[in-house]
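Lifted from Swiss-Prot, the feature list:
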- 211-270: DNA-binding region (DNA_BIND)
- 120-135: compositional bias 'Polar residues' (COMPBIAS)
- 287-305: compositional bias 'Acidic residues' (COMPBIAS)
- 113-140: region 'Disordered' (REGION)
- 262-305: region 'Disordered' (REGION)
Amino acid sequence: MDTHLPFQTLPVSTPLPVSSSSLTDVLQTIAALQACPTSCIPSTSTGMLSPNLPFSATIPRVNLFPPSQPANSLILPTIPAQPFIPNPSLLQANPSAVEALANALFATTSRRASCPEPPASSQATVTLQVPSTGSPERRRYSETNMEVLLREQLAQLMPPTSQLPGMPGCYYQHVPAAGTSGIQGSLDAALMGAVPLAMNSMAHSRRAANHRKARTIYGTTQTQQLEDMFKGQMYVVGAERENLAQRLGLSPSQVRIWFQNRRSKHRRKQQEEQQSTTLEEKSEEIGKDEEEDDEEDEDDVKVLN
C-alpha cells in the first residue's frame, strides 16, 4: 500500500518591520555622537552631561531569537518591536557646551599632532650591562674605567637633544621627567659604587708597592767593622750579634741580613775563582799538549832525514 505522509509546513522568517523615520532618527543620533565624541569631554562623569545632554530613559529591545513554533503550524507570529524614540535634545544642545567640547577636542588633537611620542627609553627600565666577573670582557675593564662604560651605555638610552625638556609642545612639558631622573639616579648610584672600588684598588696597589722595605745604607765605618768581623768569623749569632749591633748603632736584624748577603757574595766569589782556575788549568794543559805534539813531530822529521 502506498502511504502518504502529511505535508509539513516549516516556519518562514519574515523581516522585522522597520520604519524609515526610526532609521533616520538613529542615523541623526549617531552623527551627533560622532561629532562630539565622549573621549574629548574633560570629565568622564555623566553628571555633567545631564543638564545639557539628557539621554533617553528607555532602551529599545529587539527579540532576535523568537520562540519555536510547532512544525504543522501555518500561523507565523509577529515579533513586537518597540520603536526607537530619538531624543531631540542631543541635536539641540546648549551652544556653549558644544563650543567647549569642540575646543577640548581641538586642543587634544593639536597636542597629539605637535608633540612626538614619548621615547621608549623613558618608559623602559634601565639595565646596565656590565660583563660578568669571570668573563674575558670583564678582565679588560678595570675599576678606573667603569665610569666610561656606564656613560657609554647610558648615552644610548638617553633621548636625543631635539626631544629634551624645554621645547614648546613637547611631551616632556606635560609629563614629569621620571625617566630622566631614574637614569640620573642609576648613574649616580653606579658611580658611587664604582668610585670606592677604584679607590680601594689604588690603595691596595699602593700598599703592595710600599710593602717592600727601604734598603738599609751602611756607613763607611760600619762597613769596615763588619768586614773585619767577617774575616774573623763568617757567622755571628746570639749575644755577640746584639753587642755588635749595639756598638755599630744598628739593629740585630740588620746585622744578620748584612752577614747573609756577605756570605752569599763570598760564595759567588769562590765559585768565580774556581771557574777561573779550572779554565787556566785547562788552557795550560792544552798548551802542554800542543808543545808535546810539536816535539813529537820534530822527532819524526829527524828520523826520516
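Every residue gets a Cβ built from N, Cα and C, even glycine.
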Local confidence of the prediction over the DNA-binding region (211-270), expressed as mean pLDDT: 88
Residue counts (helix, strand, coil, in that order) that DSSP gives for the DNA-binding region (211-270): 43 helix, 0 strand, 17 coil
